[in-house]
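Asks: Please see the structure below; I have some questions.
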């Protein structure tokens, strides 16, 4: 353990426990009420374990056990652990989308850490929105923290084929729609694709965000790829518990070490992974909580320099477990050293130049080099930024996952005002659609849905699937699962619900996309758009009460991170008075 910099009386929790007052008496009394001895908590760093465990969140179903491992580490290092449940925001089960609740998790995390006698925290999460939500809240409170990622699930296997969560779900669902997979095989696939605890085993949003957190310095170095079911995972969790006690004594709050260079390291890893487009939104939100300005232009500039190096689904052919045993994050970062700020020290105080010096790569096909990428910059990028009269504030596309023929495309729009209409009509044999048609879904953004669900990978109409078409140009103000693929333009800003031009496009308008030029336009004159705007009537549902109402009133647009306008970096909130 490093030399202590703080004295016991400087611990934040001492305000609750140390004074000879009636209020501090009550605090000490209540801990003894549950069977704790004074010597177990007095004069020790109080470590919160923010746990997103839930029986409705399969990705986090093991985090109750991991919390016990963290506690072992905290006790061993001389701290006092307390487990605090927070909402799980696990994908799949939560409707309409977990994105609706990311900011709520951030608020919950921040206020728990502020309102209780906490000196530092271990953040237990992993599924998509849990990582940014926990980090955003922790950054706003600014206590020493370590992120303990849930870890990816084991490789999927089905009839001799390696299968990845999300990626193959989409592929096989299209085959089932065509009658190529019967019910017996379909039900068999349910139990074969997701075989263990943990997050998606592809480069989805979960693995993208935990890897970014790792590269930025919030985890124990290299922790992000450890499989959830591996014995190394609880050992890592215990180490997190020991490490956070050390960080408290050293006062390693994020504000003392996190800089724009740390964010840039996270961005570089994001691009090299071929990561989820969702990370663009989350990274902007995380950076802004730390008072660091990050824009879509900066993300796109990094994507234009760093090709996709990970040979993992959906861009490649392997899975996260393979990546871990090929060397994991340290091996990947060593391959992109020219694009990193190696002097950056993370929460633990270790710099990347020392951590990468001896980082081995055991499989150069899974973790490629800059001169032998999985997807070259000429073939596509992790993130392409588009602007034009359809998206003046920007839209994004994962061009590395799109068909080459559609990266420069013109075609007539087929517009759907809501997801229900889309679902009802998409397989109608009479639907007027060709391989050149541009499918558009609107009112599916942050305000319009609300919560910006992952509806952006619009299904291919059945009549086109039957004709052999497997990709179409699709545009929406919603998001897409990081496990998916296809020519999908996402995060159109401003969204339709706040009056963005997407609200004005009509079926039959010609849409022009040029990924290389970074443009997305509709062939409609300014005068005609003005006429349409004058007669426009908003189509989205509005909420008068509940969290959805708060969300619609205060959420920012995709290019701004979809945070609440009152939660971004600003004046520090004072410590709570104790009376």
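Heads up, the Cβ atoms here are built off N, Cα and C, so glycines get one too.
From Swiss-Prot, here are the annotated features:
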BINDING   59, 127, 200  [4Fe-4S] cluster binding site
Asks: If I restrict to non-local contacts, at least six residues apart, and a C-beta distance under 8 angstroms, what lies near residue 127 ([4Fe-4S] cluster binding site) in its own chain?
Replies: 52, 57, 59, 60, 88, 89, 90, 91, 98, 150, 199, 206
Asks: With the [4Fe-4S] cluster site defined by 59, 127, 200, which remaining residues of that chain have Cβ atoms positioned within 8 Å of the Cβ centroid?
Replies: 57, 58, 60, 90, 91, 126, 128, 150, 153, 165, 198, 199, 204, 206
Asks: Using DSSP reduced to three states, classify residue 200 ([4Fe-4S] cluster binding site) as helix, strand or coil.
Replies: coil
Asks: Give me the long-range Cβ neighbours of residue 200 ([4Fe-4S] cluster binding site): same chain, 6+ apart, Cβ under 8 Å, in sequence order.
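Replies: Once residues fewer than 6 apart are set aside, residue 200 ([4Fe-4S] cluster binding site) is near 59, 152, 153, 164, 165, 166, 206, 207, 320, 482, 483.
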Asks: Over all shown protein chains, what is the count of other CB atoms within 10 A of the CB belonging to residue 59 ([4Fe-4S] cluster binding site)?
Replies: 30
